[in-house]
Amino acid sequence: MDIPSSNQIQHGQRSERNRRMPRASFSSTATTSTAATLTSAMVLDQNNSEPYAGATFEAVPSSIVSFHHPHSFQSSNLPSPHSSGNLEQRGRRLTESEPLVLSSAEQSRSSSRNPSHFRFFTQEQISNAEGASTLENTDYDMAWDATPAYEQDRIYGTGLSSRRSSIRSFSRASSLSNAKSYGSFSKRGRSGSRAPQRLGENSDTGFVYHSATHSSSSLSRYTTRERIPIELESQTDEILEDESSTHSLESSDSRRSASENNRGSFSGHDDVHNQHSEYLKPDYHEKFYPQYAPNLHYQRFYIAEEDLVIGIAAYQTSKFWYIIYNLCCFLTFGLVYLLTRWLPHLKVKLYGVKVPLAKAEWVVIENEFGEFVIQPIDRQWYNRPLSTVLPFENYPNPSYEPNDINLSHHHANEINPNVPILITFEYRYIKFIYSPLDDLFKTNNNWIDPDWVDLSTVSNGLTKGVQEDRELAFGKNQINLRMKTTSEILFNEVLHPFYVFQVFSIILWGIDEYYYYAACIFLISVLSIFDSLNEQKKVSRNLAEMSHFHCDVRVLRDKFWTTISSSELVPGDIYEVSDPNITILPCDSILLSSDCIVNESMLTGESVPVSKFPATEETMYQLCDDFQSTQISSFVSKSFLYNGTNIIRARIAPGQTAALAMVVRTGFSTTKGSLVRSMVFPKPTGFKFYRDSFKYIGFMSLIAIFGFCVSCVQFIKLGLDKKTMILRALDIITIVVPPALPATLTIGTNFALSRLKEKGIFCISPTRLNISGKIDVMCFDKTGTLTEDGLDVLGVQISEPNGVRGQKFGELLSDIRQVFPKFSLNDCSSPLDFKSRNFFMSLLTCHSLRSVDGNLLGDPLDFKMFQFTGWSFEEDFQKRAFHSLYEGRHEDDVFPENSEIIPAVVHPDSNNRENTFTDNDPHNFLGVVRSFEFLSELRRMSVIVKTNNDDVYWSFTKGAPEVISEICNKSTLPADFEEVLRCYTHNGYRVIACAGKTLPKRTWLYSQKVSREEVESNLEFLGFIIFQNKLKKETSETLKSLQDANIRTIMCTGDNILTAISVGREAGLIQCSRVYVPSINDTPLHGEPVIVWRDVNEPDKILDTKTLKPVKLGNNSVESLRECNYTLAVSGDVFRLLFRDENEIPEEYLNEILLNSSIYARMSPDEKHELMIQLQKLDYTVGFCGDGANDCGALKAADVGISLSEAEASVAAPFTSKIFNISCVLDVIREGRAALVTSFACFQYMSLYSAIQFITITILYSRGSNLGDFQFLYIDLLLIVPIAICMSWSKSYEKIDKKRPSANLVSPKILVPLLISVFLVFLFQFIPWIIVQKMSWYIKPIVGGDDAVQSSDNTVLFFVSNFQYILTAIVLSVGPPYREPMSKNFEFIVDITVSIGASLLLMTLDTESYLGKMLQLTPISNSFTMFIIVWVILNYYAQLYIPPSIKGWLKKKKSSKKYKLLIQEEMKLKEV
């Protein structure tokens, strides 16, 4: 195994730095000109090789994006695909037409746990198909950098170029600004008094199209004709003229008659309408697109929001074969219909004709999980440029000026053709639109209007015409789930294979004259159907009510404010956020003016309110860039309002009349819409238990077929008539494969979910519960999860002057009165006073708190820091005027009035007795005049501050110490900076650094215009704030329980690595004596490793660069593996470096890190997400528990995500716990194991019940007899159903065992004992049957007697089988280690007692009594009764001990899980 050396890693590292493209966010993607098809190739490649177990999805924004963005670490080193087909004729870029090829390098990395299961499409078709994606123009080079440009300049130098070197320059947004007429409508061209103009003849089609000017004076909606080409209009006029001339020849009486009958007035218009509709048919496609000949018959599409690959094929209906199909359905009494309903691909093969995508009448869509649907194609007149409906890609080079390219947005041209007909279909509430330019279906979820970069333009709102265009293109702004009608649900239920089999069985039983049994089963089936109907309607209604939202909004339309329904909003609309009617945001929008506070807990599970600020011009440029990559950056998210979030406060800025926002996404294209889709269409889990259950049913079906054949042979020997023989043989099938068998899978799960709900744990994905029983590794966030939510301030350490030696840290101050013991902030007499005053001011002002109804809202750390000061915080402060004496334009005036802004103010709290500051001193009133919010990429925030009547402006910055030290003047850093920092972090404390400076210009205007880059540069270091984060009391105990259960525990946090290690040790998560941390060698010599692993306590001790094993001191030899007791702690930058270029690094090296790391620190949200994926690659079943928005990506990616949130059901994770500690993890695992074992036991019980009845019936069939009608009823309804339900009521066992329950239903260790049990059942029925025939009181059965089944054979087998049903349930009701002992299941004990008592009672029943006659029993002797009792007791012990003992003899199947094989190899090395 080779260590990643400098010429492996360093090459990527140095080339990366030379390009200035550090990868700060793994979910981010580079927006370059790389082919969209190459992008999709990578996407498919990832999907086939990386197990994304979640749903498709930090500071709040990035986490929300993580819901629906694919996370990849692949660099752009995939082999170039070759071109496929002559595509240049379609006006497409060659790079966009390259086929989607699979990368062998990526395939060799690791096999996916969720391989594609395309059945309709072949793998070759999917691999070679042309493709599109919701990620337009993305090349998946994961060196994308979310860090703002100026921060890149600071880190990497100003002489280097960057792919994203500036928010404006070298970005797609820049090209948007130069060609912003694309995809939008110029205000000059769309309004005003100019008459409508025709654009002239389109060179592409030969048709002339309407310009359709959208005058604000026009109040009428477009008619259909206004969207129809001019040439077709002329044909319309000819039709109308012909109609007119025809009518003129009619007699006046005829005309009067026609008028009276309301026919003459519209007959001509009907012809026109029919003629227009005729042109919408696929046959006329070339008439409108002569230069865009369709060639592709199928395509592939990657839905990034759901991390889903789908195949799309185009078809038309063959009329001849459609008639044949309907005829076959009629002649087979609907059997063909049922088959094609259950197997829809047969319908496609029967009457579907393959056609090009553009000519489809309907499309076949299959996703990678084999889910198959058929969707109709919708065609409607549109007659607008392509860029108005689909994201436009061919933007001109930024170096060109708009005047040079001479393009107009509503002029069709070669790269932006007119779209006369909009060809669409809908899949999972996503609208797919055909692009003639690419000959592919695409989506417009992330469509942008280039005019958005100009805030002065967008603030004018839309015209009525543009709104109607966009409503046609994007649909209504509503998330309305189409609820099936009662008849539809009923129809689907009745035609489900389960109920069809039930109907078949009932008909069979009716023909066989089992009327009572058939009637009862029919009644139960009807009740079950209606119960399922009500449940489905309830669930769909709840989901629809949760997703649907409607309100009235005030919108700027045609430059006038009007009130409309929120469903009429379209991208680009300007609406009023401060409208009291709006309490929940109706769409995804960008805040344009004022500020507001929102609660995003419904989306993220994060209960901390989030502040939103008005967008700037830079924000809009970045928004355009972000939409191209579907990644909403933290920078943009500070102004981004997500659909479905609650507005806590919308504060109107002084001088403005309302808080305004612009709509950017609507309906299902919004973040909420994507999340609702993920709930309605959950990704199949692929859990082995469910796959095996159907294999198991198949196995039982083989037994049924065998029984069918044996019975037929036996009936022929007995000479039964054909009708009886056929009925009896078919009855065998209904017995061996009971229709209720699949339903038993959900019994245990439903009871477990109810128990979890009682504990405050809610689940939105029930299938994940059984998976939780198989968890191998559990990952935890630190702050708020393992530790308390609130941080307590331990104290502060101020940087003090140290004479000629520079600066040093003072003593730890735990009392705020020791920080600056003065009465006024202006009272400074020494350098130390100035330093202390400035540090104190940073504590007072550098935070993101907001005041709502007198309560402070914001980040808990900020809250604790400000609470430590004992001062007061007020917004909209007007008690005291803040003067700006050096304002150039407004000398000596009060600046809030000049600037129309009143600052937030901090001042001494007069109610605080410990306050030493003077209340009325103007210097003690600090106004926060500007804030630079915290960005997760920068890991810091800043504010600009001014005192009440001083002319000085300060800037203060706080953030991670290692980040703050980089932007400070080095001379101001204390000499013991690293030593003090290491001391605190090593002991588990959280450290925040503060810095500040005086701004060079003392004007209000300068404070509002100065860039963040300038504010956060050349700062004076001020000091540290030290927080202590106490462990939650349940943390250590829970972690110990997990470790005792052999479940690996991992901490995954954004905190400092030393703090994480300290907390890990305190919590017991780290139990090894040594912890090795990595460091990156920035200047390695040739061949030297870039990453060096050192002992955190003894840096001289390192790990071997090849094996990652401890190295002995002196001779550099590897220590004995038996003596190794260590773990690894990985930092985010190292994790990024390793897994970004994972194909270049030995797999063994990466596996060693993943297997031995207990701590992952300084991890970004996307890195947490990727860690889940990397662990899943080793075949771990991964759980993740977190409490905030930072963890949303990891919660969705993990096999089992548990969110600690106040929301009852957050879409952020499958499980949401109101228990705010990690003990809920134990509950989920316990109930998961109990549910899995219960489902397993119920499934086995139903199988053995079928086997017992099958053996009984087979023996009776051999004598030409059967069980009686009421005997079947007694067994099935009074014995089996109550037992199966009561079995499922067993609660979970308190202790979690080391061994995980098996989920393999078809392994030899399950099937062999099952077959032994079946043999024992047969043996213990066969012997009494043989013996009874020798009794003197023996009554022979009547051969073929349907009504009279009284016989000793029947009675004895009925009694014996009754006990077998009961005792089998007892044998299968296993208690510990996964469920409570059977004795604690009170309901089960009662049911078993009653059942045994009833069975004993039947044995003593008088056969001449009413009940005896009903059950058709015959008398047996008392001695034989005792024999049966003793015999069934022997049967019980035989079943209890024999199958398990045989199971123990079977060799345990070797685990195929990759991580287990690696651990076994390592154990072998240790033994050697």
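Note that Cβ sites are derived from N, Cα and C of the backbone, with glycine treated the same way.
What you are looking at is a predicted structure, and each value in this text was computed from that prediction instead of being measured.
Going by Swiss-Prot topology annotations, ALA1161 is found across the membrane from SER1423. Within the list SER108, SER248, SER259, the entry that Swiss-Prot describes as phosphoserine is SER108.
As annotated in Swiss-Prot, phosphoserine applies, among SER133, SER634, SER1120, to SER1120.
ASP1191 (Mg(2+) binding site): 36 other CB atoms within 10 A of its CB, across all protein chains. Between the transmembrane segment (1352-1374) and the transmembrane segment (1272-1289), three or more CB pairs separated by 6 or more residues in sequence fall under 8 Å, so the two stretches touch. If you look at the transmembrane segment (1272-1289) against the transmembrane segment (515-533), you find at least three C-beta pairs under 8 angstroms, all six or more positions apart, and that counts as contact. Sequence-distant contacts of the transmembrane segment (1245-1264) (same chain, at least 6 residues past either end, Cβ-Cβ under 8 Å): 696, 700, 703-704, 707, 710-711, 714-715, 718, 720, 728, 731-732, 735-738, 740-741, 744, 1275, 1280, 1283-1284, 1287, 1314, 1317-1318, 1321-1322, 1325-1326, 1329, 1340-1345, 1351, 1353-1354, 1357-1358, 1361, 1364-1365, 1368-1369, 1372. The Cβ neighbour count for ASP1187 (Mg(2+) binding site), using a 10 Å radius over every protein chain in view, is 25. Residues of the same chain lying 6 or more positions beyond the ends of the topological domain 'Vacuolar' (1408-1423) and with a Cβ under 8 Å from any Cβ of it are 1268, 1270-1271, 1274, 1332, 1335, 1337, 1339, 1348-1352, 1354-1356, 1358-1359, 1402.
In the predicted model, residues of the topological domain 'Vacuolar' (1265-1271) average a pLDDT of 86.
Away from its own ends, the topological domain 'Cytoplasmic' (1375-1387) comes close to residues 773, 1233-1234, 1236-1238, 1286-1287, 1289-1295, 1297, 1299, 1301 of its chain (Cβ-Cβ under 8 Å, at least six residues beyond either end). For the recorded site, ASP1187 (Mg(2+) binding site), the DSSP three-state label reads coil.
Sequence-distant neighbours of the transmembrane segment (1388-1407) (same chain, 6+ residues past either end, Cβ-Cβ under 8 Å): 1278-1279, 1282-1283, 1286-1287, 1289-1290, 1359, 1362-1363, 1366, 1369-1370, 1373, 1382, 1413, 1415, 1417-1420, 1425, 1428-1429.
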